[in-house]
């Protein structure tokens with residue numbers, strides 16, 4: 001395996017572990033473990049990229065199929081427990097209508113963004129959805145003020161998966177052929193490179209993802225300590 005394949009594999013496996021941790025914790029706590037809006041956008045991205053937009057054209061599409069399959073039980077969690085995340089006046093039927101409406105809106109929007117932006121590798125949509133997810137995870141923890149549906153493993157595997165996705169994008173660029181010892185030149189080229197997939201939008205999105213992922217890990221770690229939970233035993 002070459003370096004790019006290794007980086008991609010680490011990304012894929014980390015996200016699969018994150019999904020497994022989300023599924024386990026969500027059913028264990030009978031709680032929504034991934035925020036509804038982020039879930040709807042994420043599962044639609046994976047479904048469209050896997051089966052509609054250039055299906056089976058690269059290894060990423062096969063990874064997306066695996067992610068999509070793991071997202072199905074998470075969507076079922078949302079259907080079962082999602083109304084708990086809303087005010088009591090928000091009835092179960094109202095929540096479920098909102099859930100399906102959000103899925104439909106996400107599908108229509110993402111389906112059209114792919115060709116409109118010529119997002120052949122799903123980078124724009126993937127990183128923007130990831131950025132939204134990172135922000136909402138922090139908001140979810142602060143709003144709930146408890147650890148229901150959350151574990152340090154979810155936070156860590158999400159962070160690692162996205163980090164290696166970004167590193168893989170950087171490595172596949174022509175500038176990666178430069179000598180590793182010329183690190184300052186590589187950093188300079190990364191900042192000055194503006195072509196797809198490392199466009200200014202991605203270079204803005206990933207630092208935001210990084211900051212909020214780190215913030216979520218820190219806040220969740222503190223909350224777990226506050227509730228006197230064995231952090232590493234809580235899967």
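Note: Cβ is positioned from N, Cα and C throughout, glycine not excepted.
Caution: TrEMBL annotation is automatic and unverified by curators.
Features reported for this protein in TrEMBL:
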TRANSMEM  6-24  transmembrane segment
TRANSMEM  36-53  transmembrane segment
TRANSMEM  59-82  transmembrane segment
TRANSMEM  94-111  transmembrane segment
TRANSMEM  123-142  transmembrane segment
TRANSMEM  154-174  transmembrane segment
TRANSMEM  204-221  transmembrane segment
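Listed by sequence, the residues of this chain that lie at least six past the ends of the transmembrane segment (94-111) yet keep a Cβ under 8 A from its Cβ atoms are 36-37, 40-41, 43-45, 47-48, 52-53, 78-79, 82-83, 86, 125. Touching of the transmembrane segment (123-142) and the transmembrane segment (36-53) is concluded from the presence of at least three CB pairs under 8 A, sequence neighbours closer than 6 excluded.
A contact between the transmembrane segment (154-174) and the transmembrane segment (36-53) is absent, since fewer than 3 of their C-beta pairs, 6 or more residues apart, lie under 8 Å. Below 8 angstroms of C-beta separation, residues 33-34, 59-60, 63, 66-67, 70-71, 73-74, 77, 149, 151, 153-154, 157-158, 160-162, 164-165, 167-168, 171, 235 of the same chain, each at least six residues beyond the ends of the transmembrane segment (6-24), sit close to that stretch. Panel annotation: around the transmembrane segment (36-53), residues 60-61, 64-65, 67-68, 71-72, 74-75, 78, 82, 85, 98-99, 102-103, 105-107, 110-111, 114-115, 122, 125-126, 129, 132-133, 136-137 of the same chain, lying at least six beyond its termini, place a Cβ under 8 Å from a Cβ of the stretch.
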